[in-house]
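Record features, source Swiss-Prot:
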BINDING   Lys17, Ser176, Asp177  ATP binding site
BINDING   Ser57, Asp144, Asn156  substrate binding site
DOMAIN    282-359  domain 'PUA'
Amino acid sequence: MSLTRKPLASHHRIVIKIGSALLVDRKSGLKKDWLDAICEDIAALKKNGADVQVVSSGAIALGRTVLGLPSGALKLEESQAAAAVGQIALARAWSESLSRHEIVAGQILLTLSDTEERRRYLNARATINQLLKIGAIPIINENDTVATTEIRYGDNDRLAARVATMTGADLLVLLSDIDGLYTAPPHLDPDAKFLETIADITPEIEAMAGGAASELSRGGMRTKIDAGKIATAAGCGMIIASGKTLNPLKAIENGARSSWFAPSGTPVTARKTWIAGQLQPAGEIHVDAGAEKALYAGKSLLPAGVRQVKGNFGRGDAIAIIGVEGREVARGLAGYDAEEARLIIGHKSNEIETILGYVGRAAMIHRDDLVMTGAAVKVKHAKKDEVHA
């Protein structure tokens, strides 16, 4: 794992997430000057050979401004109506600003199932890759006109992380009104320290995340840390930076303060990237210390090391594996459904046939269907890097 931050222009594929408050003003609507300025930055990156994708918030915020909806929380149907109006205006604005640099914009609206269901995930990835291949800039947003409260990303930070892992990006940049991660909310604690480099997203780092989002947006530092966990586990670095200034990407290149989250040093297969990035695991499997150690050694998860099964999942569903400290250590595809899994926990693999009445798999989750997650993975690989240094 390398903690060295490279210039933006040296990255091959970059995902830029833009918060609603940067694009939309409650009174005046779209911030056209700001949009034109960041399109200058994007054009410069593209000219240097980088593939650039934009995850743009702002559809609901822009739509509610156009419709003159009152301040305060919106009902689901009001949000969907605002999104329907705002998506048209937002796409047009991006297209016009990028066209000044002879760049074509392509709009992609995603729902949670587009990244959680394998076939739709592959289709979405193919579409984005084709847009990049022909030189277009994908402008991506959650399809808020059809997303429901129960089935949605809920914020564009995590959506951006999923897009980054889905398309093999090596850098994710989260632009908002926050310039990075502090040890505590700086407006509440004058002694809060700014963190320029985050090597691992540990429980201590997670505890630092907090604070409510603005009325125009749904994200906060909590969702940015969640995004960092998704991105860095897939080998993608992440930057949290303020976008309040014009040309914010150029500002980052020129040394403006921002927080850098180092990627894990081990690229994983596309299939395992998809498994690791699942936002809604169908269930949980809690394991003992011996099983947890075996997982870190690259072994499959056997029934003997399982202590508890939670949830109602089917065979092939993505599930979270919880270690002895109560934190997620891995994710994988279930080799058994929840009912069968509960019957065989704590038993040896050679006892499965007697219990279930048929010859089943020896592993609860096979190592080919399993990927380690969390800071412990990075610590492990960092030690390996030290050995080989």
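Using the three backbone atoms N, Cα and C, a Cβ is placed for every residue, glycine included.
Counting every protein chain shown, the number of other Cβ atoms lying within 10 Å of the Cβ of Asp144 (substrate binding site) is 23. The residues of the domain 'PUA' (282-359), classed with DSSP into helix (H, G, I), strand (E, B) and coil, number 26 helix, 23 strand, 29 coil. Checking each of the binding-site residues Lys17, Ser176, Asp177 against Asn156 (substrate binding site) by C-alpha distance, the shortest gap belongs to Lys17. The Cβ of Ser176 (ATP binding site) has 26 neighbouring Cβ atoms from other residues within 10 Å, across all protein chains displayed.
Mapped onto three states, the DSSP output places Ser176 (ATP binding site) in strand.
Between the CA atoms of Asp177 (ATP binding site) and Ser57 (substrate binding site) there is a gap of 13 Å, rounded to the nearest whole number. Around the Cβ of Lys17 (ATP binding site), the same chain contributes Val54, Val55, Ser56, Ser57, Asn156, Asp157, Leu159, Ala160, Leu172, Val173, Leu174, Leu175, Ala227, each under 8 angstroms and 6 or more positions distant in sequence.
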